[in-house]
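Take a look at the structure set out below.
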Amino acid sequence: MQKTLEVKGMVCPFPLIEAQNAIEDMNSGDVLVVEFDCTQGTESIPTWAAEAGHTVTNFEQLDEAAWTISIQKR
Amino acid sequence: MTYMIITGLLCGALLGFVMQRGRFCLTGGFRDMYIAKNNRMFYALLIAIAVQSVGVFLLIDLGVFEYSAGSLPILSVIIGSFIFGIGIILAGGCATGTWYRAGEGLIGSWIALAGYMLMSTMMKSGVFAPFNQQAQATAVMPTNSIAETFGINHWVIIIPFVAIVGFIVFKQLTKPKVVVPSLKPKRTGLAHILFEKRWHPFVTATLIGVIALIAWPLSAATGRVFGLGITTPSANILQYLTTGDSGFINWGVFLVLGIFAGSFIAAKASKEFRFRMPDVKTGINSFVGGNLMGVGASLAGGCSIGNGLVMTAMMTWQGWIGLVFMILGTWTASYFVFVRPRQKAKAQKLREQVTPA
C-alpha cells in the first residue's frame, strides 16, 4: 500500500512530525510518500527515516524548493 | 566606511551561505534534544564555540584587541533567555535562523523578523527602554567572566572545555554510522559540494566557528570590539531607517544584511529559493514569536548567537547561563506546541477505539 502525505507550506519540524504520525498507522512494507518544501526537511526527514530503520526508496528534488521522499516502513 | 561595508557584508554572506547549506538551525537543535532525544546540533554548537574560543583568546593574548566582559545582570539574562527560547519555537527559527530563512523566501520569517526588529527597537530606544534599563540594573553581579570570578587564567577553563568537546566529537564519529539517504546527484565537482551535497553538521559547525572568529578582528577594526551579533544590529537597522541618524550604522548592520544576502545566494544557486506564504496560524505564531525574541534577546543582552555562540566562547556567565535558560525556554514551548497536541491526539484515538460510535 502507498500513501501520499502533502505537507507543502509547513515549516520545520511539522513536516517531520506529520510524517512520523502518518507512518505509525501504516503496516510494515507500506510506503509513505512525503512531498514537502521546507528546506530543513531535506536533513531531518531522511535522518529520522534512517535512524528509525525505515528504508528510503526514493528521494529527489522536484522543483525550486520542492522535494519528495518515499519511505518504506520497516 | 567602505571597509566596514565590505567586510561586514562579506562575513555575513559567508555565514548566511554556510548556515543555509549546512541547515544550521539552533532552534531545531535545542528542540530535538527534547522531542527527538537527539543532541547532534547541540554538539555542533559546542564545536563552533570551542573553535572560536581558542582563536579569540589567542588573538587577545597576542594583543590584537582588548576585551572586557563587564558585569552580569543575572536576573535579566535568565528571564530574557527563557522568553527568547519560547519565542524562537513559535517563530520557527532563532534570530540568525530567521534572517537566513528570510533569504530562502519564507514569508513567515519576514513576519517574524518584522516583529523581532520592532520589539528590539522598542526595548532599546523606544517606549520600553526605561523598563529594559531598569532590568539591566537589577541583580547585577560584578564579574561576567568565569575566569575572573575564580581568579584563574582563562586557559584553565578553555583547555578542559576543548578536551571535553574533542571527546564528544570522537565518541560521536566512532558510533556505528547510520547511512543517511542523500538526494540523487544532478551536478558534479565543486557545484555538487557547494550546492547539492549534504554537509555534515560538524563540518558546518567548524566553519561557523572560524567565521565567528574572523568576525572579531574585522569588527574590532571598525571600533566595534565584539564578534557576531544579531539583535542590536537588527534594531539598529530600524533605528536608522526611522531616525535617519547614521550613528546607528555599524559593522553589525552589514553583517546581518550579509547573512540575508548569503543565504539568498546559497538558496538560489541550490534551487531552494521560493517565496512561500505561511497559513494564518503559522503567520500569527511567527509574529508573536518574533516579538518575544525581541523582548527576550534585549533583556538577556544577546540571542542564540550573541549569547549562545559568542559570549559562551568568551567563557562568560552571561553566555552559559543564557544558553541553559534559552534551551529550557525552547523545551517549555516545545511541550505546548509539539508534545501535548500529539499526546492529546493519541489519547483521542485510543478513546475512539475503545468506544466505537
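Any Cβ shown, glycine's included, is placed from N, Cα and C.
Taken from TrEMBL, the feature transmembrane segment applies to B:41-60 (among others).
Positions annotated as transmembrane segment by TrEMBL: B:72-100 (among others).
Per TrEMBL, the feature transmembrane segment maps to B:106-131 (among others).
As annotated by TrEMBL, transmembrane segment applies to B:152-170 (among others). Sequence-distant contacts of the transmembrane segment (B:152-170) (same chain, at least 6 residues past either end, Cβ-Cβ under 8 Å): 43, 46-47, 49-50, 53-54, 57, 145-146, 202, 315.
Panel annotation: around the transmembrane segment (B:199-218), residues 7-8, 11, 14-15, 18-19, 21-24, 40-41, 43-45, 47-52, 55-56, 59, 64-65, 169, 172-173, 225-228, 251, 255, 309-310, 313 of the same chain, lying at least six beyond its termini, place a Cβ under 8 Å from a Cβ of the stretch. Annotated transmembrane segment per TrEMBL: B:199-218 (among others), in sequence order.
Annotated transmembrane segment per TrEMBL: B:248-267 (among others), in sequence order.
The transmembrane segment feature in TrEMBL is assigned to B:288-311 (among others). Sequence-remote contacts of a segment are chain residues at least 6 beyond its ends whose Cβ falls under 8 Å from one of its Cβ atoms, and for the transmembrane segment (B:288-311) they are 26-27, 45, 48-49, 52, 69, 73, 76-77, 79-92, 94-96, 98, 111-124, 128, 132, 135-136, 208, 212, 226-232, 235, 318-319, 322-323, 326, 329.
Panel annotation: around the transmembrane segment (B:317-339), residues 27, 30-31, 33-35, 69, 72, 74, 77-90, 141, 143-146, 149, 296, 300-302, 304, 307-308, 310-311 of the same chain, lying at least six beyond its termini, place a Cβ under 8 Å from a Cβ of the stretch. Here TrEMBL flags B:317-339 (among others) as transmembrane segment.
Counting Cβ pairs under 8 Å that are 6 or more residues apart, the transmembrane segment (B:248-267) and the transmembrane segment (B:41-60) reach fewer than 3 and are not in contact. Through the fold, the transmembrane segment (B:106-131) approaches residues 91-93, 95, 97-99, 231-232, 234-235, 237-239, 242, 275-278, 282-283, 286-295, 297-299 of its own chain, all at least 6 residues removed from its boundaries and within a Cβ separation under 8 Å.
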